[in-house]
């Protein structure tokens, strides 16, 4: 007589240890807040699984990794793969690392070109005649610039640290003769930010139209970059930020108020994904940089001074004045004192290896591309070589750094205009980004174009114009480098600053006129000054003057220009910019147009850390501010922010400040992360534009 047959129970997972700490360290995602399993593609991660019994020869174990709402093997958004003892190359695979009692340690490998985003991992078990699938958990898969097979691979360690792992930076602003900088808190590792960045993809027009295809294409950094350039602005798709260059910001925040991306992204989510008001170019670029770095795409913020906005693809921008010297808001072209965009680092499999590397991505809504406000990726190498026929948005980006600036004088009496001058050298100057590992400015102009006036630069311009407008190429490009028609002007002019440029003070300048001939000349001069927004938007005329000046042969004179604080105080915007112009007319000759944009300095903000900074230990920060005005100011506030230094944003009321009073405010911060951290402070006042400052605090690990 035989005993009863003993049946093994069906195999079942009972608990999972995702080995989050070791996986996050190995995948360099340990700086992200929280304990979510976050890994990078093309690199294995391990977990252990406790089963209800040990594995038997009759058991079969496999896995399913899937992403998006409609996972599919054909679209590569779903992978089904067995547990094996060997390694697999290329696709998804699961390797048995150890099998001890009823505990399995398993290593999962993903392909280096898998779509990024949220994944679900399930196990597929066949045991004792039962087949079933059980969800094990979720993880986030990111791009991997540390793995050579990934399209975002970056070989240089210091550059990877700067362009992927650095969570604060510097954005350059101002003008060619006064380059300034603001600190920016990218904050890509802050709590909840990676989730919000991933949700940006799920709110895109592409996802809403065809989610299955959109998720499948998230394997491609150039696709992800282009989608993000559309989604960081709110123009077509309820994206993150609403732009405003009017100078009036009621119903939102002045773009200069923001110190970083974290508050913007959190506000977007908090509002039910409605565009946050308001941003200008550096705000769009700072925020896009946060999203790119959070995904693992190496990226940096780039500023182009004297940036052309060419709306009609003719590689020239037209600037108009009337006979009284007033700049005119005429035509759709413009020249921005500065414009800020991003570069992302990845291969261009669509164009060929010579076009890989840095790619321009611009989230500022300027022109529609394929029906949507998006721009890029445009290969920086292609810009330099004039290959304006290549994807994406190359003519616009090429013009931003290369267009000719053509000045016109408009005659209101008969509604005509005549060309006054052509300037082939002023556009695209001092193209700047923060240097790797330091706070100094790195000039990258030579990456975008050959030296101004060189034969290579002329050839590239002609090549570009030939591709855009083949029939007019010869005539246009030949004219570009000829002197303007007609006689050479008999006088020259320029504005010179003769005093200090500070908010609250009188502006003192001089118009220097020189007679270039051996004849006497009489010059009629019409001058104006306007407050402007940095993109050239005219705010208000604050001063004007007309004079007639006699010049002896080869004489040079200085005519004083004084603009009082009372004249400009109500109309000065946060850019602190005033545009002075003079139209100088010698009878029967072409006018000479003189222009200069000046930037008024804010009083400096002094930041001191009173004692050593250490993780988990409160430290006092002292901020010293100065009232720049000759009147008492009230209702000032300090806005303080800094990733790894404090949670969220700190708002501190500042006591009323007497005229030109210097006052100090102290507050505590408790650092949560070690290493060099950037603390941003913004003094917000209803009386004068924002005053910003930042300090690098070196935080030691806790003893």
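Glycine is no exception: its Cβ is also placed from the backbone N, Cα and C atoms.
Unlike curated entries, TrEMBL annotations are predicted automatically.
Remember, it's a predicted structure, so these values are computed and weren't measured experimentally.
These features come from TrEMBL:
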{"type": "DOMAIN", "residues": "273-365", "note": "domain 'Transglutaminase-like'"}
{"type": "ACT_SITE", "residues": "281", "note": "active site"}
{"type": "ACT_SITE", "residues": "339", "note": "active site"}
{"type": "ACT_SITE", "residues": "362", "note": "active site"}
{"type": "BINDING", "residues": "402, 404, 452, 457", "note": "Ca(2+) binding site"}
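Feature annotations (TrEMBL) mapped to structure.
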residue	record	Cβ contacts under 8 Å, 6 or more apart
281	active site	336, 338, 339, 340, 341, 364, 535
362	active site	229, 284, 285, 341, 342, 375, 376, 393, 397
402	Ca(2+) binding site	308, 315, 427, 428, 449, 460, 461, 464
452	Ca(2+) binding site	424, 425
457	Ca(2+) binding site	449, 450, 451
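Residue 404 (Ca(2+) binding site): 24 other CB atoms within 10 A of its CB, across all protein chains.
There are 25 other Cβ atoms within 10 Å of the Cβ belonging to residue 339 (active site). Per-class residue totals from DSSP over the domain 'Transglutaminase-like' (273-365), listed helix then strand then coil: 18 helix, 42 strand, 33 coil. Cβ atoms within 8 Å of the centroid of the Cβ atoms of 402, 404, 452, 457 (the Ca(2+) site) belong to the same-chain residues 403, 424, 425, 427, 428, 449, 458, 461, site residues excluded.
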